[in-house]
Amino acid sequence: MSRPATESHDPAGSDGDGTRGAYPPPVRRIALDRAPTVVADDPAERPLVSPSIERALRPATGRERLRIDELSIFYGDAPKPAVNAVTLPVHEGEVLALIGPSGCGKTTLLRSLNRLIELTPGARRQGRIVLDGEDIDGLEMTRLRRRVSMVFQQPNPFPMSIFDNVAYALREQSRKRPSKRDLLPRVEHALRRAGLWDEVSHDLSRPALRLSGGQQQRLCIARALAVEPEVLLMDEPCSALDPISTTVIEQLIHELRSELAIVIVTHNLQQARRVADNVAFMYLGDLIEYGPTEELFERPRAERTREYVGGTFG
Amino acid sequence: MLARLRGPLTDRRAGLLLGAPAVAVVLIVLAMLVFVAIQAWPTFQHNGLGWLGDGPAPTGGTVDQQLGSMVEGGEAPPPSAYAIKAWPLIFGTALTTVLSIAIGIVVSVLAAIFIVDLAPRRVRNVVVPVVRLLAAVPSVIYGLIGILVLVPFVNDNLISEGQRQSVQNVIPLTGPGLLVSVVLLTLMVTPIMIALITDALESVPRGWREGALALGVTQWRATMSVAVKAIRPAIVAAAVLASARALGEAIMLSMVSGSNGYAPRIQDGLIFLFEPLRPLAATIAENTESINSAALKSTLYAFAFLLLVSCFVLSLGSYFIKRSLRAQGAR
Amino acid sequence: MSTPTLPARPAGGAGAGAGSGANGPRERLRRLRAELRHWRVTDLIGVAAAWVVGIGLCVVAASILGYMLVQGLRYLSLDLLVTQPEPSLNQTRSGGILDPILGTVIMVIVGTLIALPLAVGAALWVVEFGRPRWLARTVESMIEVIAGSPSIVIAIFGLAIFQLPLMSWMSFTADGGAVFGRSFLTAGAMMSLIAIPSIFTATREALLSIPQHLREASYALGKTRWSTIRAVLLPSVRPGIATGTALGMGRIAGDTAIIVVLLGATLRIEPEGGVPLWGTLTGTGSTLTSYVYNNSPAGEGGAPEKAYAAAFVLLLIVLALNALVSIAGRRDPARTLQK
């Protein structure tokens, strides 16, 4: 699959300015009194607030949305589970980051939350996952995946126009094919929430694959948001992106968290620190430590965690 | 040839040596277009484009009678000997091709989905070689099975006596005809299409499918609305390749079409399926023995020219369709 | 903010892991059924149709092959294979299929020998030289034109050129000076055209899959392009060429239209003149395909049993060539290089 070059059509503020490409960005901008769609305006003028201060400004995490209960995943005949009896809560309005070295089972855990893991031949699951008090095994698969939506590591917009991408799930879930005009408000809303509207509104019929990598990923977020999910799963959403696009996406995660619960897998500790409220550290399938971001990074309880966040291994 | 060239060869000479066959291929194709066009010219000269049409020729008779009278014209026939209205043959060609490709597209897309998505590994390991095998079966074998098995079957079991009598003054119904032709032609072109579409479907990035599934779409809809949609260019390419095969299939169709220059009439209802016909390619194949007659020769080359042009237009059309589809990122 | 209250590993873990495991075929079936209940009717019809088509395909293929196998074994005998055909309407006296078999072999050899240098040379030139660009692109599109041309059109194009007085050396000339234009050589020349596209494409793909650094390494050693092609490229594209050639041979062996038009449709191989090999090449004959055609009810119609036997032999030849393709493909180092 050939992805179009990144240089095409990027807003002035995101990709155009190469001098700001410090990675990782040392501090995070707060989104207090801005129009919800603004990504394109000059970010340098916004107040820069350190993560801990901002977290203090945020309201407390809400009620429990998703509960992972003694979850184990086995692949094939492997004796050791890829995920070993993990128990975790996911609250409304929080960003939960799953961190850990490669192969620790964080992506497997994430993919089991919307039962996408069942596509992998030979994968077996034990334990329960509860969404709003209901076991997800009892939910219809399509319903579940609309309530627990997902964004992938590689931006994967469909080979269609921008509009069709966002409208895809809406069209598929309705029995009668809705008209373009009926869909437009919802498409616009999703694109606005993903902070992409201002960049693409002039031509929604453009092929999605002509967007830059960062824009493609935000389009995928818009596509996932269009179904109005309660939980958004993100599987290393920035690992295929440049630092500036990464900043934009992290910003976006911030703005979204008030409305839904976000579970993000990342191998980038700085990113976890910047975006997450709570962090779960996994190692070889085991959940080693779980706690508020600040605590886990500053005062890790487990030895392994200390080594990992301290950069001794990973 | 290579032994003499063991010694070092300069880049320039090597380029010329290898360029020669490349240019030769180009020249051969150009020669083919030119030769066929030149030989076909008298037919266009005497009939204009009217010979593509329907109705009785100025000299009267059906298309088969017209072809038959050409043989008598000899090597220096009068201009009137060129008169022909070839519509029944053209219609027969178009009908068999369009029907078999239309069925072929549906069947091959479903078969490709079955192979890529649905079939358990063990079934798949059987189906894939089977498809490759079917694609390799020479068309004359399909023709043989058609004429010895399908034609008698249709004649004995499907055509009723009443149907036979209702058209007996127009056309004899003896088994060979549209139905058998289309069935065999479909059987002949589908394996190629399946192979091409399967390849395309397999190369659809996993991320697209997973992306669709993660949005709460069923497996089947994910395949249809994302994967199949994405490979539309490959489907077009497969259809065009298959129609070139179907347009040009001469021997097999000459065996099972009934070899009658008759245009099946849709208004005949079910009988339509049993009516005989003869496509252009089969007409060429059956008449090359008498090619010494100048009028017949020119007519046959005109048919060949028409087939060449159709194939050319088809591939040109597919090029533009593919280009516009690829602009959306389909493959 | 509320501190999450959760021990990393709750003691006990009761109630978990028991009910909802995705294990066991029965459980999976139950789930499948549960999921299918939510599918749209049209989706279910689609899935059913795909299964029907897939299974139907196998059934059709099996019945064709089974039928040919039964008929072939029934009518084929060693005797049939080694005797020459006789012009007789009586089946018991119409002889065997030796000449058609030999005819097919000659045809495949002649066609391949002409096609191979042309196609490989053209592919090498397009990939390794390819200047001027427009010519390279023209070569590629012309080969596509050949691939898309019906073989009946190629056949009567052959008739047009080989009946020119200039080409009289390739076939025999009648008393009046009319050139017959039909012989193994003329048919083989046209057969080469239908084999060229597959050989060209396979060679080109193989060449394109060779990493550029292999060529550069050779140039860096001061090798010319020609010695690079000979020492580096040709050996590694040989499996690709073999694959394409076997495919092309299959097409030659299976084609009927060119044979019917350009081989003169004599039952036996009839050499022209006294020179042994050349006489055969410029003479007429038949192949298995034309034999099947002529002995079916569509031709003279005399001998369906012999047509079955010949068709069976033809099928075996084509399947053998097909098997060669997969063997050559499996050994293709260009493929392993890609990965």
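Any Cβ shown, glycine's included, is placed from N, Cα and C.
Curation plays no part in TrEMBL annotations; they are all automatic predictions.
In TrEMBL, the annotation region 'Disordered' applies to C:1-25, one of the ranges C:1-25, C:276-300. Looking at which of C:44-70, C:145-167, C:307-329 has the most CB pairs under 8 Å to the transmembrane segment (C:179-200), the answer is the stretch C:145-167. Cβ atoms under 8 Å from those of the transmembrane segment (C:307-329) belong to residues 65, 68-69, 71-77, 80-81, 97, 100-101, 104, 239, 242-243, 246-247, 249-250, 253-254, 288-289, 291-292, 295-296, 335 of the same chain, restricted to positions at least 6 beyond its ends. Sequence-distant contacts of the transmembrane segment (C:145-167), counting only residues of its own chain at least 6 positions beyond either end whose CB sits under 8 Å from a CB of the stretch, comprise 177-182, 186-187, 189-190, 193-194, 196-197, 255, 257-258, 260-262.
Within its own chain, the transmembrane segment (C:44-70) is flanked in space by residues 36, 308, 311-312, 315, which lie at least six positions past its ends and keep a Cβ under 8 Å from the stretch.
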